[in-house]
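Novice: For reference, the structure I am asking about is given below.
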Amino acid sequence: MIHTQMEDAQYEIRHQVLNPNQRQQLEDRRRIKEQLHQLEQDNESPTHMYRRKLKIASDVNLLDQHDSFYHTTKSLLVLFQIMGVMPIMRSPKGVDMPRTTFTWCSKAFLWAYFIYACETVIVLVVARERINKFISTSDKRFDEVIYNIIFMSIMVPHFLLPVASWRNGSEVAKFKNMWTDFQYKYLIVTGKPIVFPKLYPITWTLCIVSWSLSLVIILSQYYLQPDFQFCHTFAYYHIIAMLNGFCSLWFVNCTAFGTASKAFAKELTDVLATERPAAKLTEYRHLWVDLSHMMQQLGKAYSNMYGIYCLVIFFTTIIATYGSLSEIIEHGATYKEVGLFVIVFYCMSLLFIICNEAHHASKRVGLNFQERLLNVNLTAVDKATQKEVEMFLVAIDKNPPTMNLDGYANINRGLITSNISFMATYLVVLMQFKLTLLRQSAKNAFISALKANLSRIRSLDADKVNT
């Protein structure tokens, strides 16, 4: 009966001009007809037509086979395991369990306990020697206090590693598994795998650069700082390499997001060019939401580590900048100030790389997709496609692809500008304090010289009276 009424209505519509309300009614009838036809084809509950499937059935062997992200970035994961920074493990092939796991009693974690204990002994010995040397020295000037604080602050990430990194191991494993699942879903939906052709050489290069740069920076401090002993350098190599490794990890993930979004955007453009792409757009919208949630999970998984990372960079940059400027004002430029400027440049470079890469990744996943969807000519597509495009845009608005440190801060270019403004404020205060000390020293020196001259004049006058 319903089919007969629809056919009669369509016959009548051919012979009249439709107003907008009639056209909307016609589209609704056509959509109902398609849904009824689909229900006749299967006996499932109608909820499957509007509710997203909770999980795509997958085989662990297929997950391993198509996990290009893991295979291309495996070297960085192994480096983190060797350094004891993030002891997560990859599940053996064929084992029906999450592909990346985290447990407190795994082999990787036992090794992390051991290597961390050895490194802690070295760091504590060097820290004790630095503290004892500072206490025993007679020079207690404010500048010397600042100078000693710089190299003590660099040790802070080591002591906070268990709290900042290990404690979030389960979230990191979840993030890795999200990448694995996303690649398989992408293959199912688009029919094409995601390929990361540049990540393999980039990851290997960054692994080597992380340790090479650590050696260069610490040895430069040994040669440029007058009281930096060679034995003290061994307490800093692994710390700087760890900071470099986390920066490399962030760069690799942001690059992967950019590569995935570029391939995804191309597939979206091809789908929009087809006839009646509404059903496919629904799957693409769900896939995009997964990609956005992955970016949010990256910030959540490493929130503590990168939060401390940014604080250490902020604090060390301020102290090193002040120390170098105050020494130049008081004593002139020396090799010591060059060493401090090396630290400042290094810290600001790390912050710039992290913020800039996060900005580009968010733009590629969010803004680029919005522009493609907004450029769709809605008058040239059917009503169902129009609604899907609108829902896609709403999904982008409600799930912004931002990298947020678990609610503490958004990682983007705005973080650089805010940090620089805060640094400038604190530096102005510290330099005012320094100039006040210099004025007081000059005033005291002038008074002392004046008193000495007066006493000498009085002694000369007394000698004249006696003669």
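Backbone N, Cα and C atoms are what each Cβ position is placed from, and that goes for glycine too.
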Novice: Looking at N-linked glycosylation site as annotated by Swiss-Prot, pick the matching residue from N43, N168, N453.
Specialist: N453
Novice: Same side of the membrane or not: does Swiss-Prot put L76 with L374?
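Specialist: L374 and L76, as annotated in Swiss-Prot, occupy the same side of the membrane (identical topological domain).
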Novice: State the count of C-beta atoms found within 10 angstroms of the C-beta of N453 (N-linked glycosylation site), not counting that atom itself.
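Specialist: There are 10 of them.
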Novice: Summarise the topological domain 'Extracellular' (220-238) by DSSP state, stating how many residues are helix, strand and coil.
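Specialist: When I sort the residues of the topological domain 'Extracellular' (220-238) into the three classes, I find 13 helix, 0 strand, 6 coil.
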Novice: Are the transmembrane segment (305-325) and the transmembrane segment (107-127) close, by which I mean at least 3 Cβ pairs under 8 Å that are 6+ residues apart in sequence?
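Specialist: Since fewer than 3 Cβ pairs under 8 Å link them, the transmembrane segment (305-325) and the transmembrane segment (107-127) do not come into contact.
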Novice: In the topological domain 'Extracellular' (326-337), how many residues does DSSP put in helix, strand and coil?
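Specialist: Tallied per class, the topological domain 'Extracellular' (326-337) gives 9 helix, 0 strand, 3 coil.
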